[in-house]
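Chemist: This is the structure I have questions about; it appears just below.
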Amino acid sequence: MDYSYDEDLDELCPVCGDKVSGYHYGLLTCESCKGFFKRTVQNNKHYTCTESQNCKIDKTQRKRCPYCRFQKCLTVGMRLEAVRADRMRGGRNKFGPMYKRDRALKQQKKALIRANGFKLETGPSMGPPPQTDYPLAPALHPGAKGLAPAPPAGPPGDYERGPYGPPGVPMAVPTHGPLAGYLYPAFPGRAIKSEYPEPYASPHEPAPPYGYPEPYPSGPGLPGVPELILKLLQLEPDEGQLKARILACLQEPSKGRPDRPTPFGLMCKMADQTLFSIVEWARSCVVFKELEVADQMKLLQNCWSELLVFDHIYRQIQHGKEGSILLVTGQEVDLSTVAAQAGSLLHSLVLRAQDLVQQLHSLQVDRQEFVCLKFLILFSLDVKFLENHGLAKDAQEKANSALLEYTMCHYPHCGDKFRQLLLRLAEVRSLSMQAEEYLYHKHLGGEVPCNNLLIEMLHAKRT
């Protein structure tokens with residue numbers, strides 16, 4: 001049985017991108033994909049792919065590879081059990097309640113889009129949420145439950161507002177610095193010489209770059225997950241490989257530094273190596289890899305500390321222990337140790353960070369939302385500072401649309417989740433800004449190891 005839908009939502013078929021005609025076999029699809037799916041199931045057809053089982057499926061070439069087209073039908077959530085075995089017209093009526101529920105979600109989504117002033121035809125572009133005065137946690141030392149008062153971040157000054165509310169930074173960035181060298185595909189290694197051993201290469205043989213896990217499963221087990229989020233899941237760095245590389249780096253003796261590094265110095269080294277994995281991740285991201293290096297640098301120099309903070313916070317959500325924080329190396333640090341050894345400012349920052357961990361935990365943020373939010377952070381700079389405005393703006397709108405669609409579909413009982421997640425991004429921005437200030441003052445005092453990517457990023461906004 002086919003069900004009508006609201007045409008003013010201007011839905012596109014999740015399989016091929018054609019205009020949808022109604023609800024067919026579990027979700028909104030076009031007539032062509034509806035008929036293809038029905039014939040495939042009823043006739044028990046088996047296809048093979050002559051390429052690598054990764055063919056592009058769109059309106060113009062959806063008939064070229066039936067194997068990949070059918071796999072995509074299953075991936076986006078079309079239901080095998082909804083096809084009638086008796087070859088009669090109409091789907092199975094037991095899916096009626098599901099269609100009605102989906103229609104209700106579409107109505108709710110439409111209302112939310114209109115309430116936030118998003119564009120219906122291209123997906124939402126982020127409007128700024130209410131500003132909040134959240135003091136923040138350091139990018140390198142967050143952790144700990146509780147809420148301790150901390151001095152608020154300074155006024156934005158000449159900062160410009162990014163697409164989800166908090167300020168971005170206007171920058172005139174040269175394309176010849178160390179980060180530029182690292183971003184060029186022809187120079188994948190570090191272009192600056194660190195006082196610490198290079199984890200990517202040794203005098204004897206080059207080490208492989210940070211590894212990525214096998215592609216995230218994208219079959220029928222993940223129905224209703226937007227394609228952008230599926231791609232981002234595939235690009236997530238492997239936590240085990242990152243842990244092993246950082247541990248190896250920490251265990252090697254420091255060149256020209258016979259003295260034992262301080263705990264804070266070790267934390268900075270962890271952050272520096274994590275930052276390299278973040279750059280590797282960004283280089284592989286859809287849209288980002290299509291930008292010119294100058295634009296890539298502007299984006300990374302704008303959001304590097306946010307990505308570090310967010311990476312740490314999500315690790316604590318997965319860790320799930322209130323009395324300790326989990327480092328990227330897999331080591332646990334008791335909060336009592338932090339309280340005893342850290343200064344008052346650092347301790348208050350740690351407590352503020354853990355409060356954000358608790359907020360996101362209460363929102364039940366999952367891995368799909370995490371990767372989408374991380375992508376939004378990467379593209380948080382106001383597009384007017386970029387050469388390729390259109391590409392970056394398109395990335396922002398697609399990510400917002402994907403996150404809204406995902407939260408509405410998978411958390412219909414939390415109708416406000418999309419907005420709440422964006423508010424948390426504003427807090428992450430605030431946290432990272434204060435963390436940068438803390439780290440910069442530590443650097444001026446000689447407590448942060450010099451000549452590395454972390455220091456380069458610290459100076460980027462101050463040049």
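From the backbone N, Cα and C atoms, a Cβ is placed for every residue, glycine too.
Heads up, here are the entries from Swiss-Prot:
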| type | residues | note |
| --- | --- | --- |
| MOD_RES | LYS34 | N6-acetyllysine |
| MOD_RES | LYS38 | N6-acetyllysine |
| MOD_RES | LYS72 | N6-acetyllysine |
| CROSSLNK | LYS119 | SUMO cross-link |
| REGION | 119-160 | region 'Disordered' |
| COMPBIAS | 135-148 | compositional bias 'Low complexity' |
| CROSSLNK | LYS193 | SUMO cross-link |
| REGION | 197-216 | region 'Disordered' |
| MOD_RES | SER202 | phosphoserine |
| DOMAIN | 224-461 | domain 'NR LBD' |
| BINDING | GLY343, TYR438, LYS442 | 1,2-diacyl-sn-glycero-3-phosphocholine binding site |
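Give me the structural setting of these features: burial, nearby parts and distances.
Modeler: Following the DSSP three-state reduction, the secondary structure of LYS34 (N6-acetyllysine) is helix.
Within the same chain, residues at least six positions away from LYS38 (N6-acetyllysine) with a Cβ under 8 Å of its Cβ are TYR25, VAL83.
In this structure, LYS72 (N6-acetyllysine) is part of a helix by DSSP.
A 10 Å cutoff on Cβ-Cβ distances gives GLY343 (1,2-diacyl-sn-glycero-3-phosphocholine binding site) a total of 9 other Cβ atoms nearby, all chains included. Secondary structure from DSSP puts GLY343 (1,2-diacyl-sn-glycero-3-phosphocholine binding site) in coil.
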Chemist: So of all those binding-site residues, GLY343, TYR438, LYS442, which one's Cα sits nearest to LYS72 (N6-acetyllysine)?
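Modeler: Closest candidate to LYS72 (N6-acetyllysine), judged by Cα separation, is TYR438.
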Chemist: Please work out the number of neighbouring Cβ atoms within 10 Å of the Cβ of LYS34 (N6-acetyllysine), leaving out its own Cβ.
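Modeler: Its Cβ shell of radius 10 Å holds 23 other Cβ atoms.
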Chemist: Can you give me the average pLDDT across the domain 'NR LBD' (224-461), rounded to a whole number?
Modeler: 88
Chemist: Measure the Cβ-based neighbour count of LYS72 (N6-acetyllysine), defined as the other Cβ atoms within 10 Å of its Cβ.
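Modeler: Looking across every protein chain shown, the total is 21.
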Chemist: How many other Cβ atoms are found within 10 Å of the Cβ atom of TYR438 (1,2-diacyl-sn-glycero-3-phosphocholine binding site), counting all protein chains shown?
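Modeler: Excluding its own Cβ, TYR438 (1,2-diacyl-sn-glycero-3-phosphocholine binding site) sees 20 Cβ atoms within 10 Å.
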Chemist: Quick one: Cα separation, LYS34 (N6-acetyllysine) versus GLY343 (1,2-diacyl-sn-glycero-3-phosphocholine binding site), in Å?
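Modeler: Pair distance, Cα basis, whole Å: 63 Å.
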